[in-house]
Structures are given as structure tokens and as C-alpha cells.
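Trainee: The following feature annotations were taken from TrEMBL:
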type	residues	note
ACT_SITE	GLU76	active site
ACT_SITE	CYS140	active site
Amino acid sequence: LAGFGPFGEHAVNASWIAVQELEKLGLRDDVDLHVYEVPVEYQTVQRLIPALWKKHSPQLVVHVGVSGMATTVTLEKCGHNVGYKGLDNCRFCPGSQCCVEGGPECIDSIIDMDTVCKRVSALGLDVTVTISKDAGRYLCDFTYYTSLYQSRGRSAFVHVPPLGKPYTAEQLGRALQAIIEEMLD
């Protein structure tokens with residue numbers, strides 16, 4: 001499970017706070033949970049994501065990012081390879097504006113996000129869960145695509161809104177817990 005560090009106007013990244021909340025709550029006993037804070041840096045992502053897949057050989061990796069535009073917890077269906085023009089925290093952007101030279105334009109998660117959304121919504125949590133096909137062509141989408149490419153689709157990405165807009169850290173942690181347990185099912 002990975003959240004992101006600070007960037008831009010997000011001095012405190014809600015994704016990392018939500019990941020830490022989930023870590024406190026935990027997942028069911030048969031889940032070996034590892035959490036990471038990922039710097040908002042393209043080159044670090046290109047090294048770190050493959051290294052984590054190699055180190056842990058996980059069944060699933062779930063990335064969590066913040067979206068300043070989001071008002072719901074959003075399940076991302078796919079990652080995109082091209083269109084990366086925004087500068088990261090190191091003021092860097094890939095010259096090719098892509099994740100993987102020659103990789104497919106889009107990679108879908110093998111997880112049925114529509115079903116996960118329906119089942120989590122039916123739990124009656126005080127959080128709205130929605131679906132998206134565009135993770136934004138910045139570090140979130142870049143990380144998601146990199147992980148999907150590495151894992152042949154065994155990755156997921158969840159966008160959360162900034163803290164307090166409208167959800168608390170506790171609400172986001174509980175929502176992540178329900179979403180990840182549903183994904184594992």
C-alpha cells in the first residue's frame with residue numbers, strides 16, 4: 001500500500017494520512033501489509049515501483065493519491081502511458097512524456113472496479129465511492145501505469161480528496177480498509 005508525500009499546495013498529503021490510518025486499522029489476519037510513502041518524483045517512481053514488486057512479490061499493490069478536485073473516494077480503472085507534462089518536486093518531467101517507451105497506451109487493472117464500487121457503496125459507509133478512467137497524467141497516473149505494467153494489471157489506484165473536503169482521516173482510512181478487503185475478495 002503506497003501513499004504520496006507532499007507536493008504543490010498539498011503540504012500534508014491526504015493520501016499518505018489515509019494510508020497511515022489504514023495501517024492503524026489493519027486488514028484481516030491473512031494479509032501481510034507493507035506501507036510506503038512515495039516521493040512525488042518521476043525518476044524515483046521509475047526505480048521504486050519495480051524494486052517493491054521484486055522485493056515483495058505481492059498479490060496486489062494499491063496506490064493512493066490525493067486529488068484536489070475530488071469530493072469522493074475514486075477508484076481508477078486504468079493507467080495511461082503518455083501525456084506527462086507537469087514538473088515533479090525536483091522540477092523534472094520525462095523528456096518522452098511517457099512512462100514506458102513502446103508500452104501500450106492504456107493498461108486496465110484486472111480488478112473489477114465497478115463491482116468493488118457497488119459492494120463498498122452497499123456497506124453504508126459515510127463515504128461516497130465513485131469510478132474514474134483518468135487518473136490525471138501526473139505522478140498518480142504515472143505511478144499507476146508503472147505498477148500496472150510491472151504487475152500485468154495486478155495493481156489498483158484510489159484517489160482521495162484533501163482532508164476535510166469532505167472526509168476526515170478516519171473516514172478515509174475506513175473507506176480504504178473496505179475497498180482493499182473487497183479488492184482482495
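Glycine residues also receive a Cβ, built from the backbone N, Cα and C atoms like all the rest.
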Trainee: Once near-sequence residues are set aside, which residues in the chain of CYS140 (active site), 6 or more away, have Cβ atoms under 8 Å from its Cβ?
Mentor: PHE4, HIS63, GLY65, SER67, GLU76, PHE157, HIS159
Trainee: Counting every protein chain present, what is the number of Cβ atoms, excluding its own, within 10 Å of the Cβ of GLU76 (active site)?
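Mentor: Other Cβ atoms within 10 Å of GLU76 (active site): 25.
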